[in-house]
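J.: Quick one: the structure is below, questions incoming.
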Amino acid sequence: MNEKKPQVWVFVEQRDGKPADVSLELLSKGRKLAESLRGELKAVLIGHDVEDLAKELFGYGASEVLLADHPELKHYNTLPYSRLVSELVDEHQPRIVLFGASFVGRDLAPRVASHTLSGLTADCTDLQISDVTYLRQDYAELLLQIRPAFGGNIIATIICPDSPVQMATVREGVMEKIPLAQPVDGRITPIPYTPQGPDELVRIIERHREDNKVDLKAAPIIVSGGYGMGNFQNFQILYELAHLIGGEVAGTRAAVDAGFIDHNRQVGQTGVTVRPKLYIACGISGAIQHRAGMQDANKIIAINSDPDAPIFGICHYRIVGDVMEVIPMLIDAYKHKLK
Amino acid sequence: MSYHSVVMVKQVPDTANISGQVMKPDGTVNRSKLPTVFNPEDKVALELALQLRDRYGGTVRVLTMGPLKASDLLRDCLYMGADEAFLVSDRRFAGADTLATSYVLAAALKRLAPFDIVFAGRQAIDGDTAQVGPQTAEKLGLPQITYAEGILGAEDGKIQVRRKIDQGYEVLEGTLPLLITVVKDAAAPRPSRAKRVMAFKNARTLMELEKMAEANSLLYIDQLKEEYLSKGLFIQTMTADDLDVDLTRCGLAGSPTKVHKIDSVVLGANEHETIPTTKDGMYALIDKLMEDHIFG
Ligand SMILES: Cc1cc2nc3c(=O)[nH]c(=O)nc-3n(C[C@H](O)[C@H](O)[C@H](O)COP(=O)(O)OP(=O)(O)OC[C@H]3O[C@@H](n4cnc5c(N)ncnc54)[C@H](O)[C@@H]3O)c2cc1C
Ligand SMILES: Cc1cc2nc3c(=O)[nH]c(=O)nc-3n(C[C@H](O)[C@H](O)[C@H](O)COP(=O)(O)OP(=O)(O)OC[C@H]3O[C@@H](n4cnc5c(N)ncnc54)[C@H](O)[C@@H]3O)c2cc1C
């Protein structure tokens, strides 16, 4: 058996030289998993001119950064990236490897898992270390990979009892990003890259990226509207409320489909996952796909005219009433109390 | 130049339309009551393959791994315009995770070689993993383009594809053969054509013909098979014995991931406070939020 300490790896995704939030979130989670295993946290970073970024990862607890830096690795490309990561996994046999469930992570992770014959669990919403009894056999310190499936209607706990390497992807915003007060004293290990013929089988001809102007995930307060807002005109009152209390406006898919609000502000399974201090759900029924993106908010206020609306099952403050009556009252009350 | 495609298609429970009837009294989902559907993104993948054939010529074959009932799905593909359909079915393949699924699909694809493009949906709506496409490509040693939003054109053994990335898109040029996974918006699947439905509604797999032969002593399986083959109505079936596979890598046995526990999502009754819709109610709410350190 391997005498080395168990290793937890995070594939750190860089976009134009900047780390993806999801990677920093995963390092924060990976640190906890490594602690439970009495092991080490390491990062795998691939790109060009990203040494500064590599150093930034010590601030999230990575004790070693495996860094492949080469001009041809500037942008993500499936074949060279998956070859590099697969070879590293083969060589070092980390216990756990985490990837963001982003476009890049979902392109890369399955290839690496396939090459290394590892179990891979998609879109985990929670990761824990636990001893498990499975089919009457005892396994020590397995990774519990908890994920929704069936369109969010069930939650499955997946384990890989016999796989030396356990891999998982996690979406952005699901884990919390927790920088260390004091960076660890880590080291950077350069990983050589030699271009190979097949690396060029798929070439990037054009790239278009827009920076996301709205950052819902960072908003401490979110005022969110659903189909029950009625129309575009009514929906605008949410901006007034949000502006007053220092929040951002978001919506459900039904509100997006109805044209009340832009898709990049959709909260839920196929939108953004948020965990603000306060989430005000206005005219939202509380469908499972919506709840998947907001149920971890610290406090939830729900305003709905239907006293049995499912959203009331997860809220902290329940207001039964018409949004166009309740929201103006709330605005007045806030102004009265705080101005 | 013409192109030969194989489309990987999957029959899935209709998880998007979970209605009252499939909910059990305790609020959990009764999976056996869920009707099955053509995985939406696989239908789009088939449409893209058909469009490529319309434009450049070539062939479109479809492949599914699943229970015998999945032959319904293959007939749907024939109605839409697929040239040929293949079912991979064997009890020993049951309970497969994505690694074991892609292992068997890759073995079946080797039997269908040569081809220029393997199409897959981005993800299936039951497992939702989006892993089978890339894992199949890896096993075949093929390059891949995931999240394809459209095919711009093909020329000289190369294909140009527009794909989604975080906050934008890329245009990629890939050398054939390769595997492409397709997102929902890439195309609108064509409806099945009445003429093709008439032509293919009698298409049958070997197992279905065997059942017919068992039920009627006048029918002989070899003759039946001969007849269906000659009419182009035979859906080829591959079992483990037809494929070059190591059984320890198939089905549940070959799956490193195991489902340890499943919880249906039940709407739990939550402790909440009802705020009256009065001025005082709202004032009290603001006070509470100040106590919670949200305001102020
Ligand atoms: C695969 C998949 C992914 C999905 N992803 C997402 C996602 O990411 N995000 C998302 O939000 N949804 C998503 N959905 C859609 C989701 O299932 C619901 O359809 C959607 O969330 C419903 O939005 P809603 O609550 O605004 O509308 P509705 O369900 O129509 O609810 C409107 C609510 O407003 C109330 N109401 C009506 N009038 C008033 C009034 N005057 N005052 C107060 N209340 C009123 C009604 O009582 C009702 O509860 C997804 C669905 C699928 C199948
Ligand atoms: C609750 C639950 C959770 C699960 N979680 C995981 C997990 O985290 N990791 C894991 O490895 N497995 C998991 N599985 C198993 C997984 O669902 C099955 O392996 C399934 O057969 C393929 O995965 P998928 O549905 O996610 O397909 P995806 O990878 O989402 O499918 C992508 C595309 O591959 C093609 N494809 C997929 N399956 C077939 C097929 N049988 N025939 C033809 N084409 C196909 C289709 O084109 C499809 O659009 C889970 C199963 C359940 C019930």
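A Cβ is built for glycine as well, from the same backbone N, Cα and C atoms used for every other residue.
A TrEMBL annotation is a machine prediction, not a hand-curated record.
A quick note: this is a predicted structure, and the numbers were derived from the prediction, not measured.
According to TrEMBL, the record shows the following:
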| type | residues | note |
| --- | --- | --- |
| BINDING | A:252-253, A:266-270, A:283-290, A:ASN304 | FAD binding site |
| DOMAIN | A:8-205 | domain 'Electron transfer flavoprotein alpha/beta-subunit N-terminal' |
J.: Which three-state DSSP class does A:GLY268 (FAD binding site) fall into?
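T.: The three-state answer is coil.
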J.: Starting from the Cβ of A:GLY268 (FAD binding site), draw a 10 Å sphere and report how many other Cβ atoms land inside it.
T.: 23
J.: May I ask you to pick out the binding-site residues among A:GLY268, A:ILE288, A:HIS290 with a CB closer than 8 angstroms to chain B's CB atoms, ordered by sequence, or 'none' if no residue qualifies?
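T.: Cβ contacts with B, in sequence order: A:ILE288.
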J.: Check the binding-site residues A:ILE284, A:ILE288 for other C-beta atoms within 10 angstroms of each C-beta and report the one with the most.
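T.: Neighbour-count leader: A:ILE284.
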J.: Given the binding-site residues A:THR252, A:GLN266, A:THR270, and counting only Cβ atoms in the protein chains shown, which has the most within 10 Å of its Cβ?
T.: A:THR252
J.: Tell me the Cβ neighbour count for A:GLY286 (FAD binding site), meaning other Cβ atoms within 10 Å of its Cβ, over all protein chains shown.
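T.: That number is 22.
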J.: Helix, strand or coil for A:ILE284 (FAD binding site)? Use DSSP.
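T.: In the DSSP reduction, A:ILE284 (FAD binding site) maps to coil.
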J.: So if I draw a 10 Å sphere around the Cβ of A:HIS290 (FAD binding site), how many other Cβ atoms end up inside it?
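T.: Within a 10 Å radius of the Cβ of A:HIS290 (FAD binding site) lie 28 other Cβ atoms.
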J.: Would you identify the secondary structure of A:HIS290 (FAD binding site) according to DSSP, in three states?
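T.: Assignment for A:HIS290 (FAD binding site) reads helix.
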